[in-house]
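Below is one structure; the comments refer to it alone.
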Amino acid sequence: MSIFNTSETDIATFFLIGIPGLESANIWVSIPICLMYIVAIVGNCTILFFIKMEPSLHEPMYYFLSMLAVSDLGLSFSSLPTMLRIFLFNAPGISPNACIAQEFFIHGFSAMESSVLLIMSFDRFIAICNPLRYTSILTSTRVIKTGLVFSLKNVLLILPFPFTLKHLRYCKKNLLSHSYCLHQDVMKLACSDNKINVIYGLFVALTGILDITCIFMSYMLILKAVWGIASQNERLKVLNTCVSHIIAVLIFYVPIISLSVIYWFAKYSSPMVKILMADVFLLVPPLMNPVIYCVKNQQIRNLILMKLCQKYS
């Protein structure tokens with residue numbers, strides 16, 4: 001049977017998995033997962049709404065925050081269909097076309113989130129190290145152009161994934177390792193040569209490593225600049241403006257790095273650990289980013305409280 005126009009394949013359906021050993025409790029597991037998706041979607045939509053409607057938030061930092069919210073929404077909506085099918089309806093089957101489409105969007109929005117976190121680190125660097133020229137360097141036009149350039153870069157970076165996967169032949173194995181489709185997971189099912197996929201996958205991973213390296217370097221320069229401030233109170237005040245971004249970087253990269261370490265150096269570790277870490281990677285950043293920025297950012301927090309007070313007064 002032919003599933004793709006470019007190759008013949010023996011497998012018409014891939015099967016995703018939930019949490020091994022807890023299949024009978026899928027309906028109960030779905031409750032916290034649904035709540036996490038609801039909070040993530042509502043939280044990120046709230047941030048986008050206030051940034052769009054409030055003129056005082058039409059600044060570079062908030063434009064970058066809106067890009068982060070869009071990336072988080074993309075990650076949530078990309079993984080939502082299969083997660084709900086598995087845990088709510090106990091339907092783990094997915095067609096190869098749908099699986100490849102899902103992995104494209106998941107990897108695309110993940111790459112976009114990594115890029116936005118990198119851009120936000122540059123934003124903090126300019127704001128702290130060159131505050132007098134901040135508004136002249138980061139104009140609205142430059143911010144929009146930067147967002148479009150990085151979006152195009154990420155689309156072009158991930159675009160080969162679906163085409164290289166479609167040219168593979170799938171037979172015998174059809175069980176995936178997670179509740180959603182990932183490039184490295186799908187290509188392992190192929191019974192034809194997947195060297196191109198492996199090499200290009202490593203290249204994409206290296207771009208992610210380059211992002212985190214640049215973020216690290218920007219913070220080294222920030223610390224160097226902050227160290228030159230005489231007053232300790234001023235140092236803490238300046239560093240406090242970076243806390244939200246640092247936490248966002250940690251909750252995005254720590255699960256990815258941990259999962260990579262597990263796959264490379266702990267191949268015989270429990271499948272449960274790999275599955276939970278992979279779920280954390282997709283569920284936690286979209287959930288926590290709006291919470292972090294609403295709690296730490298006084299302007300957004302005050303706007304939300306003011307709207308709530310007006311509604312219930």
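Glycine is no exception: its Cβ is also placed from the backbone N, Cα and C atoms.
What TrEMBL says about a protein is an automatic prediction, not a curated fact.
Per TrEMBL, domain 'G-protein coupled receptors family 1 profile' is recorded for 43-293.
If you look up TrEMBL, you'll see 27-50 (among others) marked as transmembrane segment.
According to TrEMBL, the feature transmembrane segment maps to 62-84 (among others). Remote same-chain residues near the transmembrane segment (62-84) are listed as 16, 30, 33-34, 37, 40-41, 44-45, 47-48, 51-52, 94, 102, 105-106, 108-110, 112-113, 116-117, 119-120, 123, 140, 143-144, 147, 179-181, 248, 282-283, 285-286, 289-290, 293 (criterion: CB distance under 8 Å, separation of at least six residues from the stretch ends).
Remote same-chain residues near the transmembrane segment (104-122) are listed as 61, 64-65, 67-68, 70-72, 74-75, 78-79, 146-147, 150-151, 153-155, 157-159, 161-162, 180-183, 204, 207-208, 211-212, 214-215, 218-219, 245, 248-249, 252, 282, 285 (criterion: CB distance under 8 Å, separation of at least six residues from the stretch ends). Residues or ranges marked as transmembrane segment in TrEMBL: 104-122 (among others).
If you look up TrEMBL, you'll see 143-163 (among others) marked as transmembrane segment.
Sequence-remote contacts of a segment are chain residues at least 6 beyond its ends whose Cβ falls under 8 Å from one of its Cβ atoms, and for the transmembrane segment (198-222) they are 107, 111, 114-115, 117-118, 121-122, 124-125, 128-129, 157-158, 160-161, 164, 183-184, 187, 242, 246, 249, 253, 256, 260. For 198-222 (among others), the entry in TrEMBL reads transmembrane segment.
Per TrEMBL, transmembrane segment is recorded for 243-266 (among others). Long-range contacts of the transmembrane segment (243-266) within the same chain, counting only residues at least 6 positions beyond its ends with a Cβ under 8 Å from a Cβ of the stretch, are 68, 113-114, 117, 120-121, 124, 205, 208, 212, 215, 219, 273-274, 277-278, 280-281, 284-285, 288-289, 292-293, 296-297.
The transmembrane segment feature in TrEMBL is assigned to 272-295 (among others).
Residues belonging to the domain 'G-protein coupled receptors family 1 profile' (43-293) score a mean pLDDT of 88 in the model. Long-range Cβ contacts of the transmembrane segment (272-295) within its own chain (Cβ-Cβ under 8 Å, at least 6 residues beyond either end) map to 17, 19-21, 33, 36-37, 39-41, 43-44, 46-47, 65, 68-69, 72-73, 75-76, 79, 106, 113, 177-180, 182, 244, 247-248, 251-252, 255-256, 258-259, 262-263, 301, 304.
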